[in-house]
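Remarks on the structure that follows.
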């Protein structure tokens, strides 16, 4: 019997009667479920479905009404008419819908095997007694794991039952189970009528009433995410808990940071602001922060996370722009093969150019997703195709864009952002929160607007409380200040450290207090002691004061210039030559004689990497030297500052405690990270992103910080072609260009692995396949590998012998490794040509890689600074340039000059 409106009204009346009888406390959950079903019956969508059914039954199936003067319509046969029965039970399922409207479940299941549904459908939290069933295992291709990370991830995609979800194209909202059954959980449905609601999942898990943030269960979607713990953990950070609510009074455990390269980032489904409900079988709702951390630590190697997140709603809008002298006036990022947001091929607006057409119009905003330009669709296209479509437009351009929305409106903090720690040309990430929430009137927490876009006036200037949990590397930031009551400021945030992962501290913050210890008038030493002795959980009250910090920086800069240009009173004014000492050194800094007013006689200019023949080193303050060029020694003799003078002046300049600097030991020591326990942080492409930072703190026992000045060298003849290691921004482009332009001069070596050989692979061509893991671990401990890592429980590494094999064939072996590998090659008597690309500024980086946003350029610049600080003494040369072509030409020239057969290598003697 067909369902009519009067049947719906009768069912609604029965439900309301039944609800009125549920007055007991134990009936609360059932009452809530009934109220939700009642709201469904009263919704416009449900009424529209009834109208469609009546039209279907009365009009389309009535043959006489289908007759036309020109032709006769065939009657439409119902594929699956509504079953007979009373609606009093409200048993509406996807199988009980009209045949013409029921979702193509089997077809979608087939599609699900080919397309990861994580972006379209979020599976519900499964029943507690069921483990994850694997229907698809995501495995990266061989080419994608050539550069092995220590972070490992396999995506375990849980099955999506046919009655639990429908494709995005279907407007039908599945509702299950039949009511009234008290054991079932509330139905997840929109609480307000929607013209075209997205697919909604039915929550049939056994969780009790969940904790909500400014919304009801209908505002959320649920997902089970299975991660395989890598050697560096799960790759995300959390905040919240009953003892430290993250948002308002909500004690939920929130994801605050996705670490690039980690298990979560490679899986791609977990997002910032996701709320963790359960870790494996451990319920982490309404627990303390430490309990949540403990649950994650004890979860084992395979970790099932049950999360909820606010549903994403986007509002499409059309924009008409008139091209001006500056064109359309905005920049884009993203596209197939160049994802701006992990797992999303969409084209995003990353920059609005002041004075351009988009800026004048005011409707297009950073973070908007472009759907079409004129009649050209921009969904699932490459970056180049999108650029071409935008370029090939007339003066009048019609854009269709989706406005990203924010999750929380009434919060003034800037968002914690996802940063990419290995800056490549395709690194363009904005906060994944661009998926979520409502459009804010101003920049709000977890809005898609990155920190780089927010002006200083848009960041809260009020004091705020930040709780950090000290890691193995300390708190992860530097402080400066503390003289004459000027305050203590944060001058540097270490990428990947606790401060960076929290996302709540920034350069320019003034520290007001630490664990209730007032630091407003503290000296630098007092602030350092307070931070060092604060324990594991450190509560910091900070206030963003960029103007004060800028004035402080300017004062430090002026002081630095004064000190470097001043004459040191201890200098004798003339050289003492009673005991002449001659040696060859390599300069580890640039020196401009015009800026040194204390010179006793004519000075000698030099740059980093220059070889100097010191012909008189008897004076404590000044040496006499000649410059050594590829053509021989120069005739010009000049005065240079001695090692002692350089180090004394630099230590005076650096009279600050650096919480992220490591105390350098003897440079001749082998880095103690090549044992099997060290594999987790010895990765093959960490050169742009990772450095080995020890515990932050002051120098102990009066030990002075290592200062770069000169390195003693000897000339040596080599009978091999030197390996090449290029570090810094744009290194991958330079490496590729070298191999492409000179395939006969540059090559790569074959790595080793303990992974079993695949059918199409050839031993010695694709990999050197090692049958014994124990043997490879032993070789690693014996320093036979310059770098090694673990992926999917298999070891991968680059051996000294593989590099030597390429070198002995007369080719430069291009190595994509970290700075640590330079020292290991030197110990193996394979002296590499190591070149550091030093960016001039953030603007310089953005000019060479126009796809980067301001924030990404800043992060790239900071990584380059840390890289230079960590490995400067190992660099053969440092290059700078305004363009990539300029840098490439310098690199080629350096390689040609340093190829040998006579090269300068570090000497064993000390200065």
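Placement of Cβ uses the backbone N, Cα and C atoms for every residue, glycine included.
Looking only at the domain 'PDZ 1' (224-310), the predicted model's pLDDT averages out at 86. For 224-310, the entry in Swiss-Prot reads domain 'PDZ 1', with the evidence type sequence analysis.
Annotated domain 'SH3' per Swiss-Prot: 580-650, in sequence order, evidence recorded as sequence analysis.
Positions annotated as domain 'Guanylate kinase-like' by Swiss-Prot: 721-896.
Look at Swiss-Prot and you will find 398 tagged as phosphotyrosine. Using a 10 Å Cβ-Cβ cutoff, residue 398 (phosphotyrosine) registers 13 neighbours. Annotation note: residue 398 (phosphotyrosine) sits in a strand segment as assigned by DSSP.
If you look up Swiss-Prot, you'll see 70-105 (among others) marked as region 'Disordered'.
Per Swiss-Prot, the feature region 'Interaction with SH3 domains' maps to 162-212; the stated evidence is similarity to another entry.
The region 'Required for interaction with MARCHF2' annotation in Swiss-Prot covers 224-545 and rests on similarity to another entry.
Sequence annotations record features per position, and here Swiss-Prot assigns region 'Disordered' to 419-443 (among others).
Positions annotated as region 'Disordered' by Swiss-Prot: 662-696 (among others).
As a summary of secondary structure, the domain 'PDZ 1' (224-310) carries 14 helix, 36 strand, 37 coil according to DSSP.
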